Amino acid sequence: MKPTAQILTDILAEVRPLIGQGKVADYIPALAKVPNTKLGIAVYTNEGEVIKAGDAEESFSIQSISKALSLTLAMCLYKQEEIWCRVGKEPSGQAFNSMIQLEMEQGIPRNPFINAGAIVVADLLQSRLSAPRQRLLEFARQLSGDTHIVYDKVVAASEMMHGDRNAAIAYLMRSFGNFENEVIPVLQNYFHACALKMSCVDLAKTFSYLANKGTSVQTGKPVVSPTQTKQLNALLATCGLYDGAGEFAYRVGMPGKSGVGGGIIAVVPGEMTIAVWSPELDASGNSLAGTKALELLAERIGRSIF
């Protein structure tokens, strides 16, 4: 079965009672102000059709979903061995901002989707781009077809002000020799990436290349190679949902990436990209209602990579 607007609307109605059972991210004050009742879903097919329901066109802070975009950009700029000598490809099994593992493993983060790994990717981008912040914004605008995408400067400033742990992670990696640039500018770029404001429709369009062997459905142009697409989807399937990646694979069965803003993207290779948004999070930092919505959608349309 193919997704329809009615199926999406029905799914949102089914998951709405879950609102109130999760917790909006409050350690970033600007995120704590987002109404917990927001709920949206969008599907973008490889034929270029948008199917949506709920608050699918309202922009929100994508947070760690940006890590998939940053890694894609780094893969366009570096040979693979230059990236993977500095960050691993394994699930961490730890909280996304844990430092214990990083210390034990000599400053090499487990994967590019936990904070330490994403900060290494931000460092890589800083080394190759004269204006990494502008380049990432242009990348998001180009892939989504939405020229109105911006950074939420209030969120970025809020994260920088409350970002001591991320700064500690960066300095710890630098002490092990796994850092090339000044820490503060890299952190500023990292926090801005997390503060990208996009809607479910924007996100589904942006990541369409992951469902289409590396070619953006929105632009018709190659973003990465088919091999790199396979690699990205493998990392998303194993590491994309913090320490809830196994649970997500079990329930949803798609490569995905979440953010503490309540967004999740999911990929059905060869067919479609999906984005959901509900700000309340579960214990792993993933959208509670959003995960359930994706689980129901996977069941209804009979899709899974497994």
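Each Cβ is built from the backbone N, Cα and C atoms, and glycine gets one as well.
Within TYR44, TYR190, the residue that Swiss-Prot lists together with SER64, ASN115, GLU159, ASN166, TYR242, VAL260 for binding substrate is TYR190. The Cβ of TYR242 has fewer other Cβ atoms within 10 Å than any other of the binding-site residues TYR190, TYR242. The 10 Å shell around the Cβ of ASN115 (substrate binding site) contains 24 further Cβ atoms across the protein chains shown. For the substrate site, whose annotated binding residues are SER64, ASN115, GLU159, ASN166, TYR190, TYR242, VAL260, the maximal Cα to Cα separation is 19 Å. Between the listed binding-site residues, namely SER64, ASN166, the fewest other CB atoms within 10 angstroms of a CB are found at ASN166. Under a cutoff of 8 A between CB atoms, and with a sequence separation of 6+ in the same chain, the neighbours of VAL260 (substrate binding site) are ALA25, ILE28, LEU31, GLN63, SER64, LEU281, GLY285.
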